[in-house]
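Visitor: Sharing a structure with you now.
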C-alpha cells in the first residue's frame, strides 16, 4: 500500500488503437470507418424517422425497432468519432473523466440493447403464437414500459459497472490497447488486485447477457414449435423470414459482447480484442438497419415513401 501511495496517480489514458499502423494504413482505416459510421448514422436515423412518423408502422415491432436504432446511434457516437480523430492526429490521450464517461455510456447503452433485444423476441413470440391476444398483451402502454425498463436497467447497471471498473486507483501503465476505453482492459491497468472487479464484471455479464438470451431462445423455440405444427409452407416461410432478421442481429451482438466481457483475460490480446470491439461498436449498428429493412416489405415501402417525400421537397 505504501508503494501505491508513493506512485504517481494516472490523470489520463493513451488509446493505443491503431497507433502502430503505417500512415497509409491509418488513412485507409479512416476512410473505411468514416464511410461505415456515416452509413450507420444515416440508416439508423432514417429508421428512427420513419418508425416515429409513418402511421403504417404503428405496431409494437416497429416501435421497438425505432428504439433499437436510437440505441445504435448512441452506441456508435460514443466510440467511433473519437477513433476517427485519433486516426488523423498524433495525440491519442483521453482524460480520466472522459474515459469514465465513455465507459459509462457504453455500459448503459449496451445493457439497454441486450434487454431490448429480448423484449423484441418476446414481441415476436406473442405476435406469432398468440395473435388474437396480441393487441391486448402488447399494448402501447406495455411497450412504453418495456422500453423504459431497458433504459432504466441500462442506467442503473452502468453505475454499478462504472464503480467496479474504477474502484481501484490507477498509478502505473496508462496505455489502453484498444481504440476506446473498454472495461476489462482498463481494470487490468489498475493498481492492486483487479481480480475482484473482473470477477464482478464477469458475473454481471452472465446476468445481463445470458438472462435475455434465455428469453430469446425460449421465445424462438416456442415460435418454431408453433409454426411447424400449424402453419402452411408459405406461412412458415414468411414467419422464418421475419424472425431470421432478429436472430441475425442477436447473434452479431451477443457473440462479440460475450467474447469481450465473459472470456478470461488470458485469452485476450490487442489482435483479438479490436476485431470483436469493432464488431459490436460499428459493424452491428450498421448491419441492424440493413438486416431489418431488406427483409421487410413494410420497412422498404416506408423508406421509399420517406425518401420520395424528401426528394419532392428539394
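Using the three backbone atoms N, Cα and C, a Cβ is placed for every residue, glycine included.
According to TrEMBL, the protein has these features:
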TRANSMEM  27-50  transmembrane segment
DOMAIN    43-292  domain 'G-protein coupled receptors family 1 profile'
TRANSMEM  62-81  transmembrane segment
TRANSMEM  101-122  transmembrane segment
TRANSMEM  142-160  transmembrane segment
TRANSMEM  200-223  transmembrane segment
TRANSMEM  244-263  transmembrane segment
TRANSMEM  275-294  transmembrane segment
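Please go over these features one by one and say how buried each is and what sits next to it.
Guide: Sequence-remote contacts of a segment are chain residues at least 6 beyond its ends whose Cβ falls under 8 Å from one of its Cβ atoms, and for the transmembrane segment (62-81) they are 33, 37, 40-41, 44-45, 47-48, 51-52, 102, 105-106, 109-110, 112-113, 116-117, 119-120, 123, 140, 143, 146-147, 150, 179-180, 249, 281-282, 284-286, 288-289, 292, 298-299.
Nonlocal intrachain contacts for the transmembrane segment (101-122), taken as residues 6+ away from its ends with a CB within less than 8 angstroms of a stretch CB, comprise 61, 64-65, 67-68, 71-72, 74-75, 78-79, 82, 94, 146-147, 149-151, 153-155, 157-159, 161-162, 165, 180-183, 186, 208-209, 211-213, 215-216, 219-220, 246, 249-250, 253-254, 257, 280.
Residues 60, 63-64, 67, 104-105, 107-113, 115-116, 119, 204, 208 of the same chain lie 6 or more positions beyond the ends of the transmembrane segment (142-160) yet place their CB under 8 Å from a CB of it.
Same-chain residues lying 6 or more positions outside the transmembrane segment (200-223) and placing a CB less than 8 Å from one of its CB atoms are 111, 114-115, 117-118, 121-122, 124-125, 128-129, 157, 160-161, 164-165, 183-184, 187, 239, 243, 247, 250, 254, 257-258, 261-262.
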Visitor: Mind checking which residues reach the transmembrane segment (27-50)? Cβ under 8 Å, same chain, six or more beyond either end.
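Guide: 18, 21, 57, 65-66, 69-70, 72-73, 76-77, 80-81, 83-84, 87-88, 282-283, 285-286, 288-290, 292-293, 299, 302-303, 305-306.
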Visitor: Please report, as numbers and ranges, the same-chain residues at least 6 past the borders of the transmembrane segment (275-294) whose CB is under 8 Å from any CB of it.
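Guide: Contacts of the transmembrane segment (275-294) (Cβ under 8 Å, skipping residues fewer than 6 from its ends): 33, 36-37, 39-40, 43-44, 46-47, 65, 68-69, 72-73, 75-76, 79-80, 110, 178-180, 182, 245, 248-249, 252-253, 255-257, 259-260, 300, 303.
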